[in-house]
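Enquirer: If you scroll down you'll find the structure; I have some questions about it.
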Amino acid sequence: MQVTFLGTSSGVPTRARNVSAVALRLPQRAELWLFDCGEGTQHQFLRSDLRLSQLRRVFVSHMHGDHVFGLPGLLASLGLSGNSNGVDLYGPDPLESYLQGVLRNSSTRIGYPLKVHRVRDAAEQNLIVFEDKDILVRCTPLTHRVPAYAYRVEQKPKPGHFNLERAQRLGIPPGPVYAALKRGEQVSLDDGRVVDGRDFCGPDRPGASIVFCTDTVFSEAAVALAAGADLLIHEATFAHSEAEMAYQKQHSTSTMAAQTAAEAGVGKLVLTHLSPRYAPGNPVTPNDLLREAQAIFSNTILAKDFLSFEVAPRCNSS
C-alpha cells in the first residue's frame, strides 16, 4: 500500500498546504482510496502522479468543510472523464444528503454508480465497514464538535512462502496444482495422492495496517483502533502550549497525537492537519510540533503535501 498526502492543513489552505485529503494507492488491484476530500483536492491530483480514474472508495471522517468541500467537484470531474466503474463513499449520516443537495442544485449528473454508506452503526457497534478477500476496514467514533470517525485499513494475512523444492522432490507436477497449493488448498493428484497446501507453505505473512485519525481531541477509542498498526496518520492541529485551545475546539496537540501512537504501539506516526497559524512569522513552527511529538514517540514524521511512501508490515520491512 502507498500513502500520498494531498492536503495537510486544517481549516483553510495555505501557500504550502492544501486542506485535508490522503490517498491510499492499492497497486495490486489498480485502485485508489481517498480519506477526506477538502476543497481543491482534484487540483492536487493533477499535481501528483495519482490517477483519478482509479478512485474506488472515499472515506469521510466528518462533515466540516475543510474535509468535504472538494468532494462534489471531484466526483463531477470523475463523471466527465467517463471511465469510472463506480465509487463507494463511507461517512457520517449527513454525507448522502449533502452530496445529493449539491449535485441536484448544480444540475450535475454523475454517470457512474455512486453509493453512500453510513458508518455510525458500524463505529458504535464495532462492526466491519468494508471487507473483501484482501482488505478489512473498521472505524470508531472520535471526540469532536460534530460526529467524526477514524478508520483502520488492514490487509489480510497472505499465505506463507511456497516450498518449491519440496514440491519438486515429491514429484508434484507444476502448473495449476502449484497455484492451489500456494493458496493452502488440499489437492488430489492424478496418481491418487492427496496433498495439503499448508504442508508446503510457511507461516502466514501479515498484511500492512493504516489508521486515519482526524478530527479529535485525545481519544481512548482512537488508541484502541490503532493498536499495533504499522502507520498512524493523526491530526496535530495545535502545539502542546495551546492544549487548552485544543480541548475547547476538540482538536489534538502534537503531544496528544504522540500519546495515542505510544499507547497504541504503532510502527510510525505521521502528523497532519496542522493549524495555518504555524506559518512563517510565528515563533512556533511545524518543526517545533514535530520535536514535541518525537519526545514522546520517536518514530514520528511531519506530513507535507505530496509526501508519498510505501507502508509495509513491520515484520516484513527492511
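Using the three backbone atoms N, Cα and C, a Cβ is placed for every residue, glycine included.
These figures come from a predicted structure and were not determined experimentally.
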Enquirer: If Swiss-Prot gives Asp66, His67, His273 as binding Zn(2+) 2, which of Asp121, Asp132, Asp215, Asp230 does it give for that site as well?
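Expert: Candidate in the recorded Zn(2+) 2 site: Asp215.
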Enquirer: Please tell me which one of the recorded positions listed here (His62, Asp66, His144) sits closest to His273 (Zn(2+) 2 binding site), measuring Cα to Cα?
Expert: Asp66
Enquirer: In angstrom units, rounded to an integer, how far apart are the Cα atoms of Asp215 (Zn(2+) 1 binding site) and Asp66 (active site, proton acceptor)?
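Expert: Asp215 (Zn(2+) 1 binding site) to Asp66 (active site, proton acceptor), Cα-Cα distance: 11 Å.
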Enquirer: Beyond Asp66, His67, Asp215, His273, what residues of that chain have CB atoms within 8 A of the centre of the Zn(2+) 2 site's CB atoms?
Expert: Ser10, Gly11, Val19, Ser20, Asp36, Gly38, Ser61, His62, His64, Thr214, Glu235
Enquirer: Roughly how many Å lie between the Cα atoms of Asp66 (active site, proton acceptor) and His144 (Zn(2+) 1 binding site), rounded to a whole value?
Expert: 14
Enquirer: Counting all other Cβ atoms within 10 Å across every protein chain shown, which of the recorded positions Asp66, Asp215 scores highest?
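Expert: Per the Cβ count within 10 Å, the most buried is Asp215.
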